[in-house]
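Annotated transmembrane segment per TrEMBL: 20-42, 173-198, 204-221, 233-256, 262-282, 303-321, 341-361, 368-388, 400-420, 427-446, 458-480, in sequence order. TrEMBL lists 75-485 with the feature domain 'Major facilitator superfamily (MFS) profile'. The region 'Disordered' annotation in TrEMBL covers 505-525. Residues or ranges marked as compositional bias 'Acidic residues' in TrEMBL: 515-525.
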Amino acid sequence: SPPSEHPHWLAAGRASRRLVLVVVFVALLLDNMLLTVVVPIIPTFLYTTEYKGTNSTVAPVQTELAPSSLKTLPGLKALPFSSMFSFFDKTAVTVMSATSAKDLANRTESSPLPQPPAINSPPPSSCLEGEEFLAKENVRVGLLFASKALVQLVVNPSVGLLTNRIGYHIPMFIGFIIMFISTIMFAFSGTYTLLFIARALQGVGSSFSSVAGLGMLASVYTDDVERGNAMGIALGGLALGVLIGAPFGSIMYEFVGKSSPFLVLAFLALLDGALQLCILQPSKISPESTKGTPVFTLLRDPFILVAAGALCFSNMGVAMLEPTLPIWMMQTMCSPKWQLGMAFLPASISYLIGTNLFGILATKMGRWLCSLVGMVVVGISLLCVPLAKNIYGLIGPNAGLGFAIGMVDSSMMPIMGYLVDLRHTSVYGNVYAIADVAFCMGFAIGPSTGGAIVRAIGFPWLMIIIGVINIAYAPLCWYLRNPPAKEEKIAILNQECPMQTKSYTAPKPLRDFPDVGDVEGENVE
């Protein structure tokens, strides 16, 4: 329809880059709130529905059942009770569950079952029984969290291609619709299977919205410094989602009910959809004028791989914490429900500060240095997490973790765009698809392996492993200090237009190699 029919503010809105940034910000915010809002809800929800459902018998009976149930459940014999015990020395633990666990350990050594001392004393309400269930749950919760990222990994490349064909507006809107359906599913599903399906659906939706959103930003903000700041703000939305998600989820769940946080999110998603309809014109098809570099070419570029690896490993730390930390807190700190999500609050606040601060600072101190320091701090913070004795002990490590990941993210995202400008064609759909794949690798590998590792060797070892990996990876960021422009790029240009034979070896940051059609336009400018 001709612009005269639209009110003038709408026309102005469509022209403004700020509003595009707002739309992308809100989309990333919702996506990541939904990502983390389930973190404190799912473990306790599954525990109350499934464990309490099966073991609703009184305490004494349960202790007698325990050894026999050990025989019926294969794979539980190998469970290292000792690792759980190192924690139990310090905390007031249910006498019953502690003794029953010890009895089991003894029973496997074929010693007679000692009579547990005070069997009739009621267990303190705060701490949970069912050690074996919690240990098994680590794996299941991990898989549930990882399913979103795994689906997103599969869908991402195709979304990258789609944005090259039809522009960013339609995929963005499709993403919103899928996210909305997934949120409603979460609110009303009561079983593990349904939750799993909702989680996987969310992966599809967030794949659409994040790739299209970041690509749209990169195409609207062409200047490198501006793009860095815009990406910083949009990633702030991502962080804010991770930030509010867990605490918001645990408080709403504790005081209102399971479906409440999801309904609030569904409502916010509707608002974002309305905003998109006004500003983005989802009916408009606007393909990229130039052909983008194929994903596989980008994946063969070592510099892009280093950047993606930094994103992946730094985020894997948080991804591993998300399913395992609440369960570890349930086991060792006897935390009430609302605390499970609050543990992530310092991480998120400091991430917010980190991304906004280093969006600006990173360009001054060198983005490679910024991410190198970030990765080292991530490693150190992760090593400090198991030292915490209560929720206050988690504040320091988690805050350091968030701040450091903010450093890595805010410097790596613009580097991705810059590398594509420098070494490939300046179409950003695919490179942000790769950045997003790196995030997802972290969030797919993290929870699924994390749960299994905790079950095998315990939570502190998991933190040590991932912390050491981060510190070891950090020096690789040094290679991003001065990436060369690609010789191949010049070769391709020579086939297209023989006039340009100059070889650019030193990086010329703002020089885009134009396609044949753009040469005249560039000369005029």
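Glycine is treated like the rest: Cβ placed from N, Cα and C.
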Name the range, of those listed as 233-256, 262-282, 400-420, that has the largest tally of Cβ pairs under 8 Å with the transmembrane segment (341-361).
233-256
Counting CB pairs under 8 Å, which listed stretch among 20-42, 233-256, 368-388 touches the transmembrane segment (204-221) the most?
20-42
For the domain 'Major facilitator superfamily (MFS) profile' (75-485), the mean pLDDT of the predicted model:
80
Could you check if the transmembrane segment (427-446) is in contact with the transmembrane segment (303-321), meaning 3+ Cβ pairs under 8 Å among residue pairs at least 6 apart in sequence?
yes
Which range wins on Cβ pairs under 8 Å with the transmembrane segment (262-282): 20-42, 233-256, 303-321, 458-480?
20-42
May I ask which of the stretches 20-42, 368-388, 400-420 has the most CB pairs under 8 A with the transmembrane segment (233-256)?
20-42
Let me check one thing: do the transmembrane segment (303-321) and the transmembrane segment (368-388) come into contact, meaning three or more Cβ pairs under 8 Å with sequence separation of at least 6?
yes
Taking residues 6+ outside the transmembrane segment (458-480), which of them lie with a CB under 8 Å of any CB in it?
80, 83-84, 302-303, 306-307, 309-310, 313-314, 316-317, 320, 324-325, 328, 367-369, 371-373, 375-376, 378-383, 385-386, 415, 446, 450
